[in-house]
Every structure is written in C-alpha cells, then in structure tokens.
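*Asks:* This is the structure, below, for whatever I ask next.
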Amino acid sequence: MNDPHTGFIVASYALTTLVVGGLVLRAVFDHRALRRAIAQLEARGVRRRSARREKAR
Amino acid sequence: MPRLTSLWNLANPTRFLGLADRLLPWLAALAAVLLAVGLYLSFFVAPPDYQQGETVRIMFVHVPAAWLGLFMYVMMSASALGTLVWRHPLADVAQKAAAPIGAAFTFVCLVTGSLWGKPMWGTWWVWDARLTSVLVLFLMYLGIIALWRAVDDPARAARAVAVLTLVGVVNIPIIKFSVDWWSTLHQPAAVFRIDGPTIHPSMLWPLLVMAVAFTVLAIALHLAGMRNEILRRRVRSLRLMEAEQLDAGVEPAAGAAR
C-alpha cells in the first residue's frame, strides 16, 4: 500500500483493534472475576435462596 | 403467543445464563470468521477509490462503527420501554450492558471519521449537523453510563436511565437525516437509500460483510455483558446476605456489651 495517507489508514485500523480488543478483554476478565467472587462467597457458605432450594431437592 | 412466552421464560436469570453460555462460543467464532473474511475483502479485493485512493479503506471500519453506535442506542431504547412499560426483569440488564459497547463504537466512529476527514476534507473536525449529532450521541452514552454508576440500587437506576435513554432517542433520526436536512460537509447516505446504494458492488460487498461481522461481534459482546451484569447482581445480593448474616451473629454480642 503505497499511499501518502497510509498513516491515517493504519491509525484507523489500530484504534479500532484496540477498542474492540479492549471490549473483548473486559468481558472475559470481568466474567472470570465475577465467577471467582461467587465461588468465594459460596465457599464461605453464602448461597442464594433458590440455590439452597435446588440443593435440598 | 409462543414468542412472548419464550421471551418471558428468559426472564429467569439462571435460564438466560445457560442460554448465553451455549450461544457465546458460536457467536464469537462466527464474528471471528466474518471479520477475517471482511478484512480480506477490504484490503485485497476492494479497489482503491478513483478520487480518495487507498484512504477509502477507512470506510470499512468507520461505517460499521457508526451503524453500531446507532444500533446499540435503538436497542437500549427498546430495553428502556421493556423496563418502564413491561417491567421485564432483564430489560435493564440489557440496557446497562449495551451502553459501554455503544459508546465504544461511537468513539471509533468519531475518531476514524476524523482520521478520514483530515486527508479528504483538510480538517479533523467541523461543527456540521452530522458530526455534531454523533458527538451528542457519544455524550448521551457517557451520561447514561455515569447515571448507572451514580445510583447504587439497580432498580432505581434502571428507571432513571430508561427515562434519559428515551429522551435521547430523538437524536437518532436527527443523525440519520442530518445530511438531508442541512448542508453538511459529510456526504449523504450511500447505502441505505430509497433508490438503492450508490457505492460500486466491489466496495459495497466488503462493507456489508464488515457491517455484519461488527454486528455479530456486538451481539456477542452484549450477551457477554448481560451475563456479567447478572453475575454482578448475584455477587451484590450474596454480599448483602453475608453482611446480614454477620450482623445477625454480631447483634447478641453487641447487646450483651451494653
């Protein structure tokens, strides 16, 4: 790509990759952290009422 | 009314989480394949424009980002109605999860538009109707995200955000028709027109594939965001329950100390 405006094109795609990548990573890390937090709370014996009912069945 | 019934069945967060867990890998894989095909078409199949040269390739990320900025807001507005009118339990979850995604794509639209404008128009920014109304959309997203964070109770925050979202929906037709209603530096619509697209098929197809790829990606991100929001609320309620249990255990000792 031999164009005088290559820098503008590269910057556009780089920014898009950065933002979309950020959204994906945020979703993945957020999910892991929340699952971990729930596991820790449940390990301490804190359970939702519906989970307790399911366990009792 | 089988469709309505199934929508209400999904109101059960546990059932929704199961569905999201099953759908997400497929949606992510589909988005990755479509993005790979779209990028190949954008860089190796679409020809340079006869006037803009290679710079036209910015269009393949700018236009899908703009489309998603609008799409996510329309989705948030439908969810706002779901919160206020039908009181669907997942409507505010959908609304909250959509805001950062919509804001991110609107941000991409604004910056890539600026990067496209400088070499083509000779300026990074003009205060014309299209650019200004998209900036207002971005500020609306930021305001909505700020309001979610300002109110602790999710149910109260949801009603306030729903009202704000519905007020802001007036901006959507302004963005769409700004290029027709006012004289703007931004070009008029070239794809969604009554008389058909004015773009050559060699550029239109890569653009459409990229738009579909971005849309599938946004839907996957939205589903993942909704799943995380349900889990976040679950963590919140478990922590409250734990605090109540601790309080109950501490009370007698505190009483004895009196």
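Just so it is clear, glycine is given a Cβ too, placed from its N, Cα and C backbone atoms.
Remember, TrEMBL labels are computer predictions, not curated facts.
This is the feature table in TrEMBL:
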- B:7-186: domain 'Cytochrome c assembly protein' (DOMAIN)
- B:23-45: transmembrane segment (TRANSMEM)
- B:65-86: transmembrane segment (TRANSMEM)
- B:98-117: transmembrane segment (TRANSMEM)
- B:129-148: transmembrane segment (TRANSMEM)
- B:160-183: transmembrane segment (TRANSMEM)
- B:203-224: transmembrane segment (TRANSMEM)
*Asks:* When you scan the chain for residues with a C-beta under 8 Å from the transmembrane segment (B:23-45), skipping those not six or more beyond its ends, what do you find?
*Replies:* 57, 60, 202, 205-207, 209-210, 212-214, 216-217, 219-220, 223-224, 227
*Asks:* When you scan the chain for residues with a C-beta under 8 Å from the transmembrane segment (B:203-224), skipping those not six or more beyond its ends, what do you find?
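*Replies:* For the transmembrane segment (B:203-224), the list is 20, 23-24, 27-28, 30-31, 34-35, 37-39, 41-42, 45-47, 49, 56, 59-61, 63-65, 67-68, 71-72, 75, 94, 97-98, 101, 105, 191, 197.
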